[in-house]
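What follows is one structure encoded as structure tokens, with my remarks underneath.
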Amino acid sequence: MLRVNHVHVAYGDVHILWDVSFSVGEGELVALLGANGAGKTTMLNSISGLLHPQEGEIEFSGRNITRVPGHKIPALGIAHVPEGRRLFPEMTVKENLEIGSLSPPARQKRKETLEWVFTLFPVLKEKQNQMAGTLSGGQQQMLAIGRGLMALPRLIMFDEPSLGLAPVLVKHMFQLIKDINQQGITVLLVEQNVMQVLEVCHRAYVIENGRIVLSGASAELLNNKYIKDVYLGI
Amino acid sequence: MHLLGQTLISGFLLGGMYALIAIGMTLIMGVMKIVNLAHGALVMVGMYVTYICFVLWHINPYAGMFISMLLLFVLGSLIQRYMINRLVEVDSILPENQVLLTVGISLVLTEVIRFIFKSDYLSVSTGFSGKTVFLGKMSVSVPMTIGFVIAMVFTYLLHLFLNRTDLGMTIRATAQDRDAAVYMGVNVSRVTMITFGLGSAFAAAGGSLLLPMFYLWPDIGHLFTAKAFIITILGGMGSTAGALLGGLTLGIAESLGATYISMGYKDVVGLVVFLLVLLFMPGGIKSLVKR
């Protein structure tokens, strides 16, 4: 469904991504793992069209989207739940959800999707008229995910959804992402939280200093010596 | 006593029209994060358009206002699209280069208008320009009242537009977090064009409403830039309700100054209020509410 081929990205003279290739199949839950500054967010922003690779190609559903401008990406069926949530703090919870469904097909089903998101996150229904900035961290993360789902995406990308959440909530968050995937939505999950992610995802790629250094099924990676040494510390 | 009442009322009415101009500036400031120092020049151009409609085709200023708003919407969008947005894309030596650009635009607009119309003072005299009605012993100017009512209607319509429509929502979203708006599929450069267009149309509306009461000459724009800037600071940047309050405050302050000090010093009173606010209430009127 999503195919990234030999992508290079640089900001000015600073080369961030080197020859990155990976793919996400229809219905899969794939993780992109790596430490801070490995280039994970840059990768997602390249898919979202906020920046464009200097070299290489990004393909979605057989269509080359390498040069498609950012505002046209959601209408293709890709939703991005950004790092740090990036909600609109001075808009209500409901408005934050509504703005997730700007593309015409999502706009048409706005009411039904809103009800669906409210059943997934009852707390958002309760607080729908509150400003998003007044929610707690966990609630804000739910709102960010709900906002992504409002686009009725075929592929949803999560950028560090566990960031800043209490350990109990982190577990809940990953379970939720798994549930979303089981409803038939393809997921690309970017995380540093290696252990817990490998427990929920199908496959994973490990990215270090802008290069993919390792990939495989999650069960395989959990037993990989390098992963154990460097990321799991066992 | 009725002199004070009359002064307060006319200040209030004047302030409503000032607020309309300032709301345009606030809108642009909120989305673009720049002070539009060409705002007064846009007001001035809007006034000239309404003036021409009146002189050449005898169109009532309140009808000419709509022509002026439409033209200024187009002018503002074009300025945004072809000048300001282009500067966003290039690396600059000064981060303020967009603001400097608006100064340049202001000068060009002013001098072009001077070239066409010369520096003469112009005015429109309609049948109702000097009309007043009496509230008890207080006389209230008719064009000021009409202008105030229209300004409030426009302000309310803008409020509805920003809060009830998808396009309005995308404008607010872009003001709060530009990148996040792109993630949502908002075409940010289109939104900024529309915002600058709307801000300019509001400038034209405010100017046109003031036309029956003000002399018109090319440099009047600088006066309005200053007023809009003062109001925006008073109201706290980027807030429509704040701009409304700031506008009323400035209008009343000027009106009091004109009555009790001297007509010639009314703008000075506004500037003194501005200095006091900067010194003692740097967050604007908002900082009173938050405490």
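Cβ coordinates are placed from backbone N, Cα and C, and glycine is handled just like the others.
Straight from TrEMBL, the features:
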TRANSMEM  B:12-31  transmembrane segment
TRANSMEM  B:37-57  transmembrane segment
TRANSMEM  B:62-79  transmembrane segment
TRANSMEM  B:99-117  transmembrane segment
TRANSMEM  B:138-162  transmembrane segment
TRANSMEM  B:193-216  transmembrane segment
TRANSMEM  B:228-248  transmembrane segment
TRANSMEM  B:268-289  transmembrane segment
Checklist outcome for this item: With the cut-off at Cβ under 8 Å and a gap of six or more residues from its ends, the chain residues touching the transmembrane segment (B:138-162) are 2, 5-6, 9-10, 12-14, 16-17, 19-20, 23, 27, 62, 65, 126, 128-129, 131-132, 168-169, 171-172, 198, 202, 205-206, 209-210, 212-213, 240, 244
Checklist entry - What same-chain residues lie close to the transmembrane segment (B:99-117): Cβ under 8 Å, and 6 or more beyond its ends? => result 34-42, 44-45, 48, 79, 83-84, 87, 218-219, 221-222, 225
Checklist entry - With an 8 Å cut-off on Cβ pairs and a sequence gap of 6 or more, do the transmembrane segment (B:62-79) and the transmembrane segment (B:12-31) reach 3 or more such pairs? => result no
